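Reviewing the structure listed below.
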Amino acid sequence: MSLDISQFPVLAQANTPNELRQLPQALLPQLADELREFLLKSVGMSSGHFASGLGTVELTVALHYVYNTPFDRLIWDVGHQAYPHKILTGRRDRMHTIRQKNGLHPFPWREESEYDTFSVGHSGTSISAALAMAVAAEKEQAGRKVVAVIGDGAMTGGMVFEAMNHAGDLHNDMLMVLNDNEMSISENVGALNNHLAQLMSGRLYTTIRESSKKVLKGMPVIKEMAKRTEEHLKGMVVPGTLFEELGFNYIGPIDGHDVDALVETLRNMRSLKGPQVLHIMTKKGRGYEPAEKDPIGWHAVPKFDPSQFKKPATKPGLPTFSQVFGKWLCDIAEQDEKVLGITPAMREGSGMVEFSQRFPKQYFDAAIAEQHAVTLGAGFACEGFKPVVAIYSTFLQRGYDQLIHDVALQRLPVLFAIDRGGIVGADGPTHQGAFDLSFMRCIPNMVIMAPSDENECRQMLYTGYCYDAGPSAVRYPRGSATGATQVEAMTALPIGKGVIKRLGKGIAMLNFGTTLAAALTAAESLDATVVDMRFVKPLDVDLVKEMAQTHDVLVTVEENAIMGGAGSGVLELLQKLKMPKPVLQIGLPDEFIKHGSPEEVTHDLQLDAEGMLAQINAFLAD
């Protein structure tokens, strides 16, 4: 159910950027207030990313007011902060469907709107995309402008600096807006800096600056003195030296919540030549006190009533797999001070908060730099430490070369705790953990484990900790564990050995991971054998051979892409053993998995017990 737009009289007049640009500038502050209120209420109805969007309301209004979108290109980095953008670009009445099945995509998405010029989900991509669009605009002589909006958190990723280095060299016209919400706005980032930014972006300053360069072109000594003087004067009031060194003209910082100042500064910058940086200071969660005080806790929210100023109380329930990992990490760190925990900016999501607090000298946050996080683990392993890299499946993709070249090639004992393996749900195709078993299985020297419940997860983590002949990975899903009885003792599992969970006849289901419960349910109707394979690599050769010899049909089950996954490993083994056998592979199809609740996606892909049974019966009927 959408909100009553009559409660937002100015926002009602700005359903698209064209309508927004018809408004008098004097109404923009009221528009920003209404947009923020609309965002509060709509996310409360739908759930979703919350605090980031509250901090970009004024910026979003100003960008669409000054730039001729979608002709002018606007690229959002990651997209957590793009909810206001969606509201102002014709999707206002569908905001209550965001992140839901058949609803709006959680991030900017090209297929969804012409205003979403680049599909995003992983951080650090906006500058590269914007540079390409700026080069294309110049080649086509289109006269269009290009703007990328990137947060200070994404600036920790190396790809951003690679792109900036290239942009500074090519010198195409483009604007990079640095949305800095690391700290609250201080007195120095008020009227004085807003005035300074407008002066520095104005025609007079730019003309004098460029004319001086031409005059001094033939006098290198004087030119260098002038350059240093300019840097010294600017350095006293703006922290832009790094950007200037990379070839960008730096302007700011300015108050990112002063919509009039943003409009005037952006108007001035719109005509500037070459790559530009506008540094704005914002407050994540702006306008909603609980989110301002705890922007991390309010980064994303379930459905809630904003008027209550608190999120709904969570009912006591099963621990998540992330929490199971976090507890194990603390337990093992108590025993071994050489255990080091590494995360690429996912402390909360990966369950490492307690570990970071109790063992601060053993905790390393590599920031949004997955390549660095993986090789950091490799370096620690070289020196005799026990590195544990906690990383989401979708983000491990970004450190793939390092996994191969820096870890596996050297047989270094780095343990990868891979969270969010399989179906993630509402965040959609950019965040589903669909490919990790496939891209790890082909790497020599890797040991890959897939626990069926929280106890196996704990024992497998300990197995990886004890394994010193090379890298190992334990891959587990998002969300609550299965409810298995907790076993505190830690025992290393025999490498490459599975266990039979149910003896049947005719059909043997070889299960990899937490789909075991559904497989056991489906097996009851079929009187099938069910095997908890535990290890994706190395496979239990003897057990697979036994199942092939004693059953008519094999069924592999995994929450990973069928192509190249665990089931493919079983087929390869059967071929090697020269044992032809009908094999049905149940897993994720050859497509990007859309957003929806995990339960909806699992059902649609026939990965629940009902779906498995239907797939097996269809296979037998052919």
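Cβ from N, Cα, C; glycine included.
When Asn18, Asn181, Asn249 are compared with the thiamine diphosphate site residues His80, Gly121, His122, Ser123, Gly153, Ala154, Tyr288, Glu370 in Swiss-Prot, the one appearing in that site is Asn181.
Cα of His80 (thiamine diphosphate binding site) to Cα of Asp152 (Mg(2+) binding site): a distance of 13 Å.
Its Cβ placed at the centre, Gly153 (thiamine diphosphate binding site) has 21 other Cβ atoms within 10 Å. Comparing the binding-site residues Asp152, Glu370 on other C-beta atoms within 10 angstroms of each C-beta gives the minimum for Asp152.
Local packing around the binding-site residues His80, His122 was summarised as the count of other Cβ atoms within 10 Å of each Cβ; on this measure the leading residue is His80. Using a 10 Å Cα-Cα cut-off around Asp152 (Mg(2+) binding site), the binding-site residues His122, Asn181, Glu370 reduce to Asn181. Under 8 Å, Cβ to Cβ, and six or more positions away along its own chain, Asn181 (thiamine diphosphate binding site) finds Ser52, Gly55, Gly151, Asp152, Met281, Thr282, Lys283, Lys284, Pro295.
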